[in-house]
Amino acid sequence: GESSLDLFKEQWRVSWLDERGSFVAWSRKFCLAFSEQLELRCFPLDRQLCRIKITAEKTVEEFQFVMKTKNLRKISEVVETFEVDKAMQEKCTAYVRYADYFLPFENNRSNISVLCHLERRGGYFFNNILLMVFLVNVMALCTFAIPVKDVSGRLGLLSGCFLAVLAYRYIVNEILPRKSYLTAADMYISFACLFQIGICAQTVVFGILRNREDGHKNADELNKRDNILGSLMALAWLAINIFLWCLWRLDMRQSWSSVYEDNKEPYAPVRECTRCEERWLSLMCTHGDKDSACKDCGAPVKRHYLTPQDVAPLVEEQELLKGPKEPPSTPGRSLSAR
């Protein structure tokens, strides 16, 4: 049998050879580790677009990739916290982009992009972290069962619950990479902290009112209002969490369009004029540049990153034995609105 080293040896195969030249197919297995800048705004219901880009060493005039992707649409193994979106993966696992017809740079190179469409399995975070935060705040609501006159007892319970929620906040921060923005889980935990601050403020205000000279006379009225306010806050907390639980069970995730926009994935980058609504394909090497105005009417231009759900691959699948074909259309062509 083959050793583990033999599996990673490169293989060459001549697909055709005649007076025009030759076409050589090259294949090799790799065992590599890649890094990806994760977009975590919707964590733990986020989607991730993990990408591998292979660029030719020679310029586009000397070498262009040709690929048939039918055998590349299955990903057999992912990490435990993610699963593959099979419907999206079937549409595109890898695609080829030829360098643009009008070359702005002399060193333009053809490239292959491999895309892995992953969805996070959020069950661990909902069941082990967010559920615990929910239960801690339910315990904080038990503050309303303590008489209004016992302000110290109420604040003691709230301080313990507040520290427990902060502990879960640190647990989430240790799991995730450092980000300058708040994730959906961060917002939920922050809201849980603010919810407890609201209970604390209510306790302090009612305690001050009761300690006034006429507070003892109105003690029954204060207790009644305290019970009403506690019931309303408990109903609001339950309603918000039932809504979030439904979003999780119904798998309401961010759209793949927003994922492509966040990652600026150049699968099919297009520009659109805000006035004449003309659309055209961006140059592969300058898709991230900002256009100041439309060349025809001078109006501002919007940039979109289309997904495989919006448009078929710009370079169609090709048969290796027939050699490379010309691109199906010239990049820079006008795209009909979809």
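Placement of Cβ uses the backbone N, Cα and C atoms for every residue, glycine included.
The feature region 'Disordered' is assigned by TrEMBL to 316-338.
Away from its own ends, the transmembrane segment (129-148) comes close to residues 44, 154, 157-158, 161-162, 164-165, 168, 171-172, 185, 188-189, 192, 195-196, 199, 203, 206-207, 210, 219, 222-223, 226-227, 229-231, 233-234, 237, 241 of its chain (Cβ-Cβ under 8 Å, at least six residues beyond either end). Residues annotated as transmembrane segment in TrEMBL: 129-148 (among others).
The transmembrane segment annotation in TrEMBL covers 154-172 (among others).
Listed by sequence, the residues of this chain that lie at least six past the ends of the transmembrane segment (184-208) yet keep a Cβ under 8 A from its Cβ atoms are 41-46, 125, 129-130, 133-134, 136-137, 140-141, 143, 148-149, 151, 154-155, 158, 161-162, 165-166, 168-169, 172, 222, 225-226, 229, 233, 237, 244. Feature annotation from TrEMBL assigns transmembrane segment to 184-208 (among others).
Marked as transmembrane segment by TrEMBL: 228-248 (among others). Within the chain, the transmembrane segment (228-248) has long-range Cβ neighbours (under 8 A, six or more residues past its boundaries) at 45, 122, 126, 134, 137-138, 141, 143-144, 188, 195, 198-199, 202.
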